[in-house]
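Here is the structure we will look at.
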Amino acid sequence: MKCEIIVDGITVYFNSSKILENIKFEVNKGEMLGIIGPNGAGKTTLLKCIARSIIPKGRIIIFGKPIDEYTNSEYSKIVSALLPNWPIGFNMKVYEVVLMGCRNRTESLWWEKEEDIKSTEEFLKLLKVYHLYDRDFTTLSSGEQRRVLIAKSLVQRTDIILLDEPIAYLDLKYRIEIMEILKSLSKNGKIVIITAHEIDLASSYCDKIIVLNNGKIVAMGRPRDIINEKLIYDVYGINATIKWFENYPIIIPKRDIKREDCYV
Amino acid sequence: MLRLAKQRKVRLLFFSFFLFILLFISFLFSLMIGSFPLSPMEVFENLINPEKNKTISTIIFNYRLPRALFTMITGFSLGVSGGVIQSLTRNPLADPYITGMSSGAALGAAIAFLLPNISIYFIPFFAFIGGISSILLTIFLAKKAKAGPIGFILAGIAIGTLASAILIFIITLAQEKAHGIIYWIYGSFSTSKWSDIIVTFPIVLFCSIFLFINARDLNILLLGEEHASQLGINARRLWILMLLISSLCVSSCVAFSGIIGFIGLIAPHMIRLMISSDNRFVLPLGGLTGAFLLLVSDNIVKSYINPFGEMPISTITSMIGVPFFIYLLMKKGGKYEM
C-alpha cells in the first residue's frame, strides 16, 4: 500500500545540539497518529517539520512529492497545523480568527465567501464555541482559546491535520469530545497527527503511537502492543502499573519518590 | 454570524460615507478660511464660474484648492501607512513619524532639493530612499537590542532625531535655500502647489490600492510569519513588499509637506477603537480619518496667522496626538510583541 506521508530519516539540529535524530515513519490514509514523549523529547519539532516551519535534514514526502516542492499556497490546501506560540494582537474577534483559516482556499482577497462563513459557523458549533463568536479572542480562557484554534485548523479542510497538544488545557469533557471529533475525521479518510501528554487518551483513540525520547523514536506501533511498564520506566523514569480496559490504559504510578528528592 | 458578516460590509460603506461627508465639510471650510476670509457664497460662485471675480478665483484655484487637496492626500497616506506599519511591526505605538520614517524621508527630499536642476519627479524617489532606510534601520536596531515594543519606539525616536539633526545641519550649510527647507522639520502646507499634487497623487493612489487589496492578508500577517505561511501566504515577501509600498506612500507626501507627527498614529487607532481592528476597515477608514484630521489641523493653522507667518502644522497634530500616544502607552504599551 502506498503511504501518504513518508518521513524518511529526518534530523534537526538547533545550535549544534540534536533535537531530532534519524526519524523514520509512515502514515496511511485514514490513520490517526499520536506522538508522545516527555517534555523536550522533540514532539513539537517533529510536527513543525511536517508543517514546513522547520526545514530538517532528510526528506518528508507527502502524496508522493517531497514537501519542499510544494508552494505555500498548495501546501496550505493539504496540510493544516495548530502550532504553539499563537500570537494575537489588536484584539481580534473569535470568528475573525477562525475565518482566517479559510484563507487557503479563497482567491478573493477582500471579503470571505458566504460558504466560508458557513463553514466557520459549522466548526465553531462543532467545537462548542459558537456562543463566543463575537468575543475578543484574548478575553477567552485557555481552554476556549484552544478550541477556537482547533476550529481554525479544521476550517482549512485539509487532508492532513497536525495538532500540537490539542487537548492541553481542556477539561475532561472537552478532551473526550475533541478526541472523538479527530477520530471521526480520520475515519472519514483524513490523516490526523497529534502530540499529547495524555498517554491514556492518545492510546485509546490513535491507531498508531510514536514514542519519542531525546529526539529518537523509542517505540512505534499499535498502542496496545507498545505501551507497557518497561516503556514508561525507560522513557519517563517512573515505576508504574498499567491496567488495560479494552484499548484504554490506566497508568498507576508507584509513589516511591523519596522525601529528599522532593525537598532539595 | 452570516448576518454579522453582511453587516460589516454595510458598516464599511456607512462609515466611509460618513467620513466623506465630514471631509467634504472641512474641505469647504478650508476654501473659506485664510488671511483673506471668503463667505460660502463667494466660494460656490467662484467654483462654478471662475471668471466672476478674478482675485477670489486666483485665491481659490492657485492657493486654497491645491493646499486643501494636497493636505487631504497627505493625511490619507499617513493614515493608511500608519495602520500598515502598526500591523507589520505588531506595535500599536508605531507610525511613520515615531519610527523615524518621516524624518528620513524629509532628509532624503532635502538632499534632492539642494541638488542643482533636479526634476520635481525625482524628489519622491530620494524621499523614499531616506524613509525606507530609516525604518529598516529602526527595525534592525530594535531586533538587535531585543528590547520589545518600547525599545522599537526608542530606536525610532533615535533614528528620527538623528535624521532631523542632519537635516538642520544641511540646511545651515546651504544657506541660500534654507528658508523653504526649514519647514520640513515641523511640516507646512502654506506653499502647496498643483505640481505637488500631480507628483504625489498617482503614487498615493497606486500605493493605497495595493495596500487595500492586501488588507486581509495583512490581518493574517499579525499572526507572525510561521502561522501566516501555514495559511498559504508568502509571508516574508508580503511583509517586505508592504513595508516598501507604505514607506513610498508616506515619503512621497513628506517630500513636499514636511514631517507631520502623530496623524499616522491616531487615525488607524480611532478606527480600531470605534469600529474594528480588521485591517479592511482600518486602512481605508483610517486613511479618510487621517485626511480629515490633517485638514482640520490645517484649517486651525490658517485661522491663526501672525505677521511672521503660519505656525507649523505639527504644532496642532502633536497637541492632539501626544495625549493619545500617552493613553495608548498606558493602556497597551507592554502588551504586544514586536
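Here the Cβ of each residue, glycine as well, is placed from N, Cα and C on the backbone.
Feature annotation from TrEMBL assigns transmembrane segment to B:12-33 (among others).
Residues or ranges marked as transmembrane segment in TrEMBL: B:68-85 (among others).
According to TrEMBL, the feature transmembrane segment maps to B:97-115 (among others). Sequence-distant contacts of the transmembrane segment (B:97-115), counting only residues of its own chain at least 6 positions beyond either end whose CB sits under 8 Å from a CB of the stretch, comprise 85, 89, 122-135, 137-138, 152-153, 155-164, 166-167, 170-171, 174, 177, 180-181, 184-185, 247, 250-251, 254-256, 258-262, 264-265, 325.
Long-range contacts of the transmembrane segment (B:121-142) within the same chain: residues 85, 89, 96, 99-109, 111-113, 151-152, 155-156, 158-160, 163, 199-200, 203, 243-244, 247-248, 250-252, 254-256, 338, each at least 6 residues beyond the stretch ends and with a Cβ under 8 Å from a Cβ of the stretch. Sequence annotations record features per position, and here TrEMBL assigns transmembrane segment to B:121-142 (among others).
According to TrEMBL, the transmembrane segment annotation covers B:149-174 (among others).
Positions annotated as transmembrane segment by TrEMBL: B:194-213 (among others).
Long-range neighbours of the transmembrane segment (B:238-266) within the same chain, counting only residues 6 or more positions beyond its ends whose Cβ lies under 8 Å from a Cβ of the stretch, are 70-71, 73-75, 77-82, 84-85, 88, 93-98, 101-106, 108-109, 112, 123-124, 126-128, 130-132, 135-136, 164, 183-189, 192, 196, 199-200, 203-204, 207-208, 210-211, 214, 217-218, 221, 225, 228, 289-290, 293-294, 297, 312-314, 317-318, 320-322, 324-325, 328. As annotated by TrEMBL, transmembrane segment applies to B:238-266 (among others).
The transmembrane segment annotation in TrEMBL covers B:281-301 (among others).
The annotation transmembrane segment is assigned in TrEMBL to B:313-330 (among others). A Cβ distance under 8 Å defines the sequence-distant neighbours of the transmembrane segment (B:313-330), meaning residues of its chain 6+ beyond its ends; these are 92-93, 98, 186-189, 257-263, 265-266, 269, 293-294, 297-298, 300-301.
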Of B:68-85, B:194-213, B:281-301, whichever stretch has the most CB pairs under 8 A to the transmembrane segment (B:12-33): B:281-301
